[in-house]
Structure formats: C-alpha cells, structure tokens
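Participant: Pulled these from Swiss-Prot:
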- G75, T78: Na(+) binding site (BINDING)
- 4-24: transmembrane segment (TRANSMEM)
- 35-55: transmembrane segment (TRANSMEM)
- 71-91: transmembrane segment (TRANSMEM)
- 103-123: transmembrane segment (TRANSMEM)
Amino acid sequence: MFSTLLAVFIGGGVGSVARWQLGVKFNNLYPTLPLGTLLANLIGAFVIGGALAFFLRHPHLDQDWKILITTGLCGGLTTFSTFSAEVIMFLQSGQLAAAGLHVLLNLAGSLLMTALAFALVTWVTTH
C-alpha cells in the first residue's frame, strides 16, 4: 500500500510541476487560447495512450509503475478543472468562439493524441 501511495505522490508531483510550468510559459502567449493548458492535456493524453498500449503488452510489470505513470504523472499533468474554468471565463466574457475552440482543441485533441500514441506504441511493439 505504501509503495502505491508513493508512486501516486511522485508521479503526481512531477506531473503537477510540469503542468504549472507549461501554464507559466505558454498561457499568456495567446489571450484567446490558454496554450499551456492545451499542451498539458495533449501531452498527458499522448503519454496515457502510449502507457496503456505498453502496459497491455507487458502485464507482468509491477502495478506501482502503471499507477505512477497513469494516475500519478498523467493525473497531475492533465487538468480538466482548469480547462473547465477557462471555458467558463471565455463564456462569461462573451468570447463564444474562443470557448468553442478551447473545447474542441482540448477534447478532440486529447482523444486524438491518446489514440495516436496507442496506435504508435502498438505498432512499434509488434514490429
């Protein structure tokens, strides 16, 4: 149990610091697109897609490694709450196009990145 908590703690800490840094470096570049949030979600989606494919092909790996990457790292890196708050702020300020673009890029982009990474890792590990 302690090793699992430690895995979540370490992965979550690394992911959260990475998300914070992405926000600091990129969120102010485009006023109508919080790029740091988008990058955090797209990178996290790619990592979890690749991890899912990898772990499916390596079921013998210790569960704590899976939890460190998925629940910890990806959970700390990605941010549905910040994304949701940004959409609401766009809507409150009447920026409907920015809100719609943010929703489209984050949701569709994250799904595409997850699928892309899953397919890529599957292809690499079977060839």
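Placed from the backbone N, Cα and C atoms, the Cβ positions cover glycine too.
Not measured: the values here are computed from a predicted model.
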Participant: Sequence-remote contacts (6 or more beyond its ends) of the transmembrane segment (103-123), Cβ cut-off under 8 Å?
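Facilitator: Same-chain residues near the transmembrane segment (103-123) but 6 or more away: 33, 37-38, 41-50, 52-54, 57, 78, 83, 87.
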Participant: For G75 (Na(+) binding site), what is the secondary structure by DSSP, using just helix, strand and coil?
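Facilitator: For G75 (Na(+) binding site) - judged by DSSP and reduced to three states - the answer is helix.
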